Amino acid sequence: MSQTINYVVQPGGTVRGTVRVPGDKSISHRSIMFGSLAEGVTEVEGFLEGADALATLQAFRDMGVSIEGPKDGKVTIHGVGLHGLRKPSKALDMGNSGTSMRLLAGIIAGQNFDAELIGDVSLSKRPMNRVVNPLREMGVEVEAAEGGRPPLKINGGVTPTAIEYEMPMASAQVKSCVLLAGLYANGETRVLEPAPTRDHTERMLRGFGYSVKREGDVISLVGGGKLTATKIEVPSDISSATFFMVAAAITPDSDVTLTHVGINPTRVGVINILRLMGANLTLDNEREVGGEPVADIRIQYAPLKGITIPEDQVPLAIDEFPALFIAAACAEGVTTLTGAEELRVKESDRIQAMADGLHILGVDAQPTPDGIVIKGGEMGGGAVETHHDHRIAMAFSIAGLRATGAITVQDATNVRTSFPNFIQLANKLGIRIEEQIS
Ligand SMILES: O=C(O)C1=C[C@@H](OP(=O)(O)O)[C@@H](O)[C@H](O)C1
Ligand SMILES: C=C(OP(=O)(O)O)C(=O)O
């Protein structure tokens, strides 16, 4: 058995200081994918050396791409062009990463070889029909295991048909999968979004010289073009920064600055929601880096109040809800979330996992089919389960700041998937977490 890491979080403390959290996970995945499919050498800086992005990197090595690094966030990718990937000699292991599996499925759909995509226990439970269905509509032969779960077997050798696809859910992974298969189709592939989702694929494809159009809620591209190598600077991940934003927002006397954070408008739901709750949050030094807006985010303690979270913010804050639920537990009054059923199919069922953990800490949290109702109040200590989910683990780690007893976070091993130096930065800011290895 591989080792399990638990966290023991001491109650109380304040958070103060300036840190730069690691690179954006979504952008890191795409830098490897598009750099591999481009013609020429792509240099990446600020790459996230977390297990998810490394799974993507390994998959492209397994398909014959020469990639140097990562070393101190630098990666050099010797692109092979859209048609230069080679058949891998074994199944491609996506680990814990939904983004890797769903985006890779779109890319493999355009190859002239077959490949199998596998994942860990958590990924193997996640729904894949959301990508299998549109790929089949494009004429691609894809097989999933029972219930539309991984592994996925994709047969190459068929040119995908360009389609217009109306997504049943607001998902950047599904949008990206269809657009990436569309790179290989004859004609125009069109994706309709029910609500705006993160647009890193569109921005980065343009950065590689590929034309992607957006008209209203339709994103489209024409297959048969090429990607030209470029330089990529990955901003810090707002999803990782969120844990420290919430930490400062809930803890009296706190003052934290997070530098170089990506503030793409499709990712800033957490800033909007925290401000609605009364957080004291300012953006400084706003600038653009490699096609993505970034800023330094300063957050100082101010008392939070419960709110009804506007549904249009849900896709813009989708990975931030575990941390936001901790903010809600520390706010005055009731916070209500609706329209967020997607949270039930992430690395864990994040609504249930958070409700269960909050109950253990004595917080009144009522899960609903598509959200949760949380009543702010006192929080005690206790042992909470993460269901192997990195964001549940980090959310309960910051809860310690307001808890009256120690919190044991049972199984924080997967924190390495998105935020490998979480403990070091958390301790630097004043959150007292110790690792316990079993
Ligand atoms: O495209 C991406 O990089 C991601 C999209 C989101 O998933 P959905 O597309 O399932 O909403 C998000 O939760 C995930 O962490 C990363
Ligand atoms: C949902 C997430 O990632 P993925 O879907 O790539 O596993 C996440 O990081 O919160």
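The backbone N, Cα and C atoms fix where each Cβ goes, and this holds for glycine too.
Those TrEMBL annotations? Automatic predictions, nothing curated.
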Further binder of 3-phosphoshikimate named by TrEMBL next to K25, S26, R30, S171, Q173, K346, taken from the candidates D62, D72, D312, D319: D319
Surrounding CB atoms that lie within 10 Å of the CB of G98 (phosphoenolpyruvate binding site), all protein chains: 22
Euclidean distance between Cα atoms of S26 (3-phosphoshikimate binding site) and R350 (phosphoenolpyruvate binding site), Å: 19
Entries of S26, G98, R126, D319, K346, R391 (binding-site residues) sitting next to ligand 2, with Cβ under 6 Å as the cut-off: G98, D319, K346, R391
Residue from G98, R126, R391 whose C-alpha is spatially nearest that of Q173 (3-phosphoshikimate binding site), among the binding-site residues: G98
Residue pair R126 (phosphoenolpyruvate binding site), K346 (3-phosphoshikimate binding site) - Cα distance, angstrom, rounded: 7
Rounded Cα separation (Å) that holds between K25 (3-phosphoshikimate binding site) and G98 (phosphoenolpyruvate binding site): 12
Candidates near ligand 1 among the binding-site residues R30, R126, S171, Q173, R350, judged by a Cβ under 6 angstroms: S171, Q173
